[in-house]
Structures are given as structure tokens and as C-alpha cells.
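The structure appears right after this line, and notes come after that.
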């Protein structure tokens with residue numbers, strides 16, 4: 001007779017924990033206790049969960065675990081941006097990036113090892129697609145970052161609830177903008193986001209969790225029905241011909257379908273606008289004519305634009321738009337009354353800037369050889 005495999009409790013959202021506790025003959029309130037210990041107190045084992053009955057702790061020891069993927073490296077940029085490289089097995093690694101600002105701290109979370117969308121300007125796509133991350137590997141990035149950041153500030157004790165003192169939350173916003181297309185890993189991403197929003201876990205509001213998609217139209221509709229959070233759309237081109245080239249997914253879901261999906265999503269969204277992300281590529285999509293075309297294609301969608309200076313990498317064959325051209329492009333949009341921001345490049349000295357999350361593609365295929373599997377490398381400032 002073989003024993004059942006242990007259940008990683010990080011893979012379970014609130015409903016999953018209730019069902020698991022029920023399978024052990026336990027009441028639903030035990031699930032809330034477990035969830036708080038795991039996500040608010042950073043418990044690594046069951047012995048310290050002192051408000052659980054000893055009999056339940058003994059059951060859990062033999063049947064469950066709280067398993068985090070190991071951190072391979074931890075780097076801090078000169079601008080305070082912090083990047084972790086996380087080993088997700090079989091030579092694959094994903095990256096998690098924390099961006100500190102004066103009034104908030106934003107965590108950029110990965111959803112896949114690699115990416116199948118293969119946008120021309122994104123280094124992650126050049127490494128190819130390996131696999132979807134599990135719910136525990138996704139929410140584990142937030143858990144790891146929150147408590148690592150609190151430890152570095154000397155506030156490791158207490159609950160991460162956003163209150164005063166030692167329980168003050170460091171990560172105030174999460175953006176699903178790391179490696180991968182979140183809507184192509186829907187069944188793992190949504191439970192992870194439910195935990196982000198759960199008051200017994202991280203307690204973020206729907207306005208503070210943003211999912212970025214390249215435009216998987218059917219799953220945008222499903223997300224709107226299941227868990228509408230703030231939405232960003234990787235647009236990057238004002239017409240189908242150019243977007244087909246830059247974002248191959250456009251061939252399946254062209255701009256007219258994408259704009260209609262955005263309109264439907266806004267009926268249930270926590271914000272009253274869609275954020276359109278637009279990577280500024282020199283001589284490709286950055287003319288004033290492109291800007292006017294962009295206004296036309298998005299005219300029926302309440303929106304704001306986030307212009308992203310391209311972060312060059314060798315395989316792309318692309319260049320960043322010149323600063324003056326970005327300003328001219330932005331001015332066309334602003335003159336039309338559309339809120340437009342230019343993303344400040346953060347963490348590019350540690351390859352943590354937008355579009356750089358794969359690092360050197362060849363390095364990802366030799367993760368174990370480079371670092372030793374599971375080894376944690378000391379933080380270094382750069």
C-alpha cells in the first residue's frame with residue numbers, strides 16, 4: 001500500500017482549504033486559522049500553530065506541507081528595485097521584482113516559466129515556454145517577498161495585515177506582469193489572486209491587484225465574471241498589421257475583438273478605465289501618426305496609456321525610442337485628453353526592468369549548473 005502524496009497548502013485558496021479540512025474531519029474555522037498562519041504569520045511548519053488542536057497538527061504533519069520554491073538569487077538595484085530568481089524545478093527559473101515608491105510598494109509576479117506569446121520586444125518570450133506555475137508557486141512569490149522585505153526592515157514579527165507597527169504590510173500593490181501570460185494559466189492564477197484579496201491572507205483590494213494580458217479575449221470575459229481585478233492590456237501597436245508582427249496573439253484576437261472585450265470588462269471592473277501598455281520602439285510604432293491612430297482604435301474604451309521605453313536585448317533587433325520622440329508621442333495623446341504616463345525605467349542594472357525578466361536566455365537553461373539546486377545566494381547591492 002502506497003501513502004498518498006502530501007498536499008502543499010500553498011496551492012489552496014480559502015475554498016480549497018475548507019474542503020481539505022473537511023476531508024480531515026475538521027470544521028471550516030480551522031481553514032481560516034491555517035490560512036492566517038501560512039499567509040500572515042509566515043509559518044513554515046505546523047508545530048508553531050498553537051491555536052490548532054494537537055491532534056490536527058499531527059494529522060497535518062503526515063499529510064500536508066508548506067513548500068516554497070527555493071530562492072536562487074536576490075539582487076538589489078541602485079534605485080532600490082529588488083529582484084529574486086526563484087527555482088521552479090527542471091532547470092527553470094522565474095523572476096519576481098519589487099519596486100519601491102514613496103507611497104506604495106509594487107510586486108511584479110510571474111505566472112509561467114517562459115511564455116508562449118513570444119512578443120517581439122520581450123526577452124522572456126525568447127526563452128520559449130516551459131510550463132505553467134502552480135498556485136503555490138504564484139502566491140509563494142508574494143509570501144516570499146513580503147516577509148523578506150519585512151525582515152530586511154527589521155519588522156519580521158507579527159501579522160502582515162497592513163496595520164501599524166510590526167504588522168505593517170510592505171507590498172501594497174501586485175501586478176501580474178512578470179514572466180508569462182497570466183490568462184493562459186487561468187486555473188492557477190485566479191486562486192492565487194483570491195488569496196491576494198482575502199482578508200485572512202494578504203487583504204489587498206481589487207484596485208491594487210492588476211492583471212496584464214496580451215489580449216486572450218475569451219479569458220478576459222471569464223475573468224470579468226469570476227474575479228474582476230484591475231486590467232492592463234499590452235497593446236503596443238495601433239493597427240492589426242503592426243500588432244500581428246509585434247504581438248503574434250493578435251492574429252487570433254485582432255484589435256476589434258480586443259477593444260470589444262475591454263468594453264465588456266469595464267462593466268464589472270473595479271476601475272473605470274483600462275490601462276493600455278505601449279512599448280516605445282524606435283522607428284517601429286512611435287510616430288505621431290501612430291499616436292493618432294492609437295487614439296482612433298481605442299476611442300470607445302475609457303483608458304489611460306502607459307508608455308514603456310523599450311529595454312534593448314541582443315535578440316530583438318529593436319531600439320528604444322528617443323526621449324524627445326516619446327514626449328512628442330505622449331503629447332498627441334494628452335492633447336486629446338487621455339491620461340498618459342511614461343514608465344520610469346527601474347532595475348535595468350539588474351535586468352529587472354520591463355521586458356527583461358528572462359535575463360540572459362542561455363542562463364535559464366543551466367540553472368542547476370550555475371547555482372547548485374536550491375542554493376540561496378546572498379543579497380548584494382548593485
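Placement of Cβ uses the backbone N, Cα and C atoms for every residue, glycine included.
Site annotation (Swiss-Prot, ligand S-adenosyl-L-methionine) includes 180, 181, 234, 235, 236, 311; from 205, 212, 323, the additional listed residue is 212. Across the structure, residue 311 (S-adenosyl-L-methionine binding site) and residue 95 (active site, proton acceptor) place their CA atoms 17 angstrom apart.
Closest by Cα distance to residue 181 (S-adenosyl-L-methionine binding site), from the recorded positions 95, 108, 115, 119, 122, is 115. Distances between the Cα of residue 236 (S-adenosyl-L-methionine binding site) and those of the recorded positions 108, 115, 119 are shortest for 119. Ranking the recorded positions 95, 115, 119, 122, 180 by Cα distance from residue 108 (disulfide bond) puts 95 first. Geometry remark: residue 180 (S-adenosyl-L-methionine binding site) versus residue 122 ([4Fe-4S] cluster binding site), CA distance 10 Å.
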